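Here's the structure we're looking at; comments come further down.
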């Protein structure tokens, strides 16, 4: 039983660590959404002798000479450039003009002014999600400490499950708020940023994977707490039932033969069964009322082997 309890606690803690790692990686990266933007190619600067794919080249590099007729080779869609971009909660990055590297800026500068409240709520919810998830993981780690009593472990398990489940709900709300904020930016954001095509990227998938793992950790921890309480109540009912039966037999003042038959009929003490009560050394029936003395300590709190 102890090995099973330790195994369940380790599983809940492992799921919590995985969820926290995924959530932290998703929040700190800028690949929640990615796509392309259609922009007009800039004019090439400096002496350019060959045709470039990222800028428009004149037929002559001497653009100040008014006697020369300047013309360009590009026409139609050739005058436009498809730049890649990726966006996260904090930053939005776009390919540079020469298609080498990315230039990043704050995503809050892109979101519409009247919708920035949604973005700030998203950031606040994500921070609370990480804090509560970390708190639940610390409580699960403390619960595995062998120096704590059974009741203290049970309390830590209940709080760990509560904090982890609450963090999962906040994470779900935060992810949905970012989706809303990004779609508003696509529809009403600045013209120099609106994408032509976009889709969700690996950071977004990582965030929802963190939410699923977080809820699995909360369910595992809550299952341990519920199972312990149910087993404790079941054993307590059995003890009280046996005490009531024995008290009735004592009040009926049955002969010794009937008393011995009752002791023989009661199953041996085992898991989920209180078993027969101990007799005095002289082998005679205990006095009326003595049956209620036994087992008071066992009804006060669950035993060590019952905690899982």
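Note: Cβ is positioned from N, Cα and C throughout, glycine not excepted.
Taken from TrEMBL, the feature transmembrane segment applies to 12-32 (among others).
Long-range contacts of the transmembrane segment (118-144) within its own chain (CB-CB distance under 8 A, at least 6 residues past either end) are made by residues 6, 9-10, 12-13, 16-17, 19-20, 23-24, 27, 89-90, 107-108, 111, 153, 156-157, 159-161, 163-164, 166-168, 170-171, 173-174, 177-178, 180-181, 184, 214, 217-218, 221. If you look up TrEMBL, you'll see 118-144 (among others) marked as transmembrane segment.
Annotated transmembrane segment per TrEMBL: 156-182 (among others), in sequence order.
Annotation comment: TrEMBL describes 202-226 (among others) as transmembrane segment. Within the chain, the transmembrane segment (202-226) has long-range Cβ neighbours (under 8 A, six or more residues past its boundaries) at 5, 8-9, 11-13, 15-16, 18-23, 25-27, 29-33, 88, 133, 136, 140, 154, 157-158, 160-161, 164-165, 167-168, 171-172, 175, 308.
Within the chain carrying the transmembrane segment (12-32), a Cβ under 8 angstroms from the stretch's Cβ atoms is held by residues 86-93, 104, 126, 129-130, 133-134, 136-137, 140-141, 144, 160, 164, 171, 178, 182, 200-204, 206-207, 209-211, 213-214, 216-217, 220-221, 224, all 6 or more beyond its ends.
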